[in-house]
C-alpha cells in the first residue's frame, strides 16, 4: 500500500495543488494512505477535511521581513514545528513526501530529507521562495510550473528540475458552462462575471468593485463576487442601498469554484499562479489585478504574461480605481468578438494535463524507491540465509573443544 504525506498551506494557492495531487493519487490508487500536514489557523484546516483527507497540525509561522520581537517568537515556533513534523514523519513512515509550499511545508520536507525519505517539491510560481531554493538541494525532485523559474534555483538542483505546470482540481477540469449555469440558476442569455481577490480577498479589488457592481445591477448582468471573509460585513454595508437579484451574488468565500468559473464570461481576479492555471484551463478571458506585496513581485510577472499573450488585461494595484476597472469590464462585455479571441488565447495557455505530468513524476520516484527497497530486502535476505548456512556448517568453540578432547583408541 502506497503511503503519501502532503504538506502545503497558508493560502489556497498552496493548498489546492496538494488537493489536486492527492485526488489524483487516490483515483489511481484507491487503497493509498494519504495524510496532510498543515496548521490549525491556516486555510488548509477548512479545505483538507472537506475533501476527505486526514490533517495533522503543527505549530509554525512564516517570518516577517522586518526584524522584531515577533520574529524571535516565530523562531521558537519553527523549532517546535520541526520537532512536531519529525514525530509525524517517524510515526507515519511515508513512502514519499510532497510539499506544495507555504511555511508549513518547510519543516516537513526538511525532516523527510534528513530521514532519507523521497521528497518532492512542487513550486507554483515563476519566482521560487527562499525555503524551496534551500530545500531543492536536498529533496529528490523539484516540479516547476514555469520553465523560466529553473534559472532561479541553485545549480545543485539543476538535475532535479522538471517542468510540469500547475495542477488544476478535477472538478474544475470536468465542469461545463451550460451545466454550471443550470446549477447556479443563471440563464444562457445572461452575461456573467466572476470576481475574487484570492482566498483571503483583496481590499483594493473590493474598493473598486462597488462601482462595478452598481453598474452591473443597472445593466442586469449576472455576477458572483467573493470579498474575502474578513472584508464581507464591511463590503455588504457599503452596498446596502443596492438591490441584488438572485443571480447577483456577493459571498465571503467562493466554496464552489468549479461552477462559478465554468459559468462565467469574464473573470476578474488577482494573479496567483493557481488562479491563473484554473482560469486558463477553462479558457476564460480575464482582468488580472496582481497583488503588489507578493515575494519578488511574482504576481505582476504572471499578470503581464497573460496580457502579453492576449488572454487578459493587467491592471496594476497602483493604477486600480473604480473607474479604471469599470471601464475595462464594460468594454470587454460590450465586445463579444474580443471576448472570444481572448478566450481562445487563454485556452492555448492552459495546461490541463499538468496533473498527469505531476503524477507521472511522483510515480517515477515512488517506483524507483520500491525497486531499491526490494533489492535491499532481497540482499538482506540472502545475507541472512548465508549466515544461517555458515552457522550450521561451522562448529562452535564448544564443539571444537569436544572434538579435540576425543582420545584415540
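Each Cβ is built from the backbone N, Cα and C atoms, and glycine gets one as well.
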Record-annotated UDP-N-acetyl-alpha-D-glucosamine site (Swiss-Prot): member among 125, 243, 259, 344 besides 11, 12, 13, 169, 199, 299: 125
Other C-beta atoms that fall within 10 angstroms of the C-beta of residue 199 (UDP-N-acetyl-alpha-D-glucosamine binding site): 23
Listed binding-site residues (11, 125, 299), ranked by Cβ neighbours within 10 Å, top entry: 299
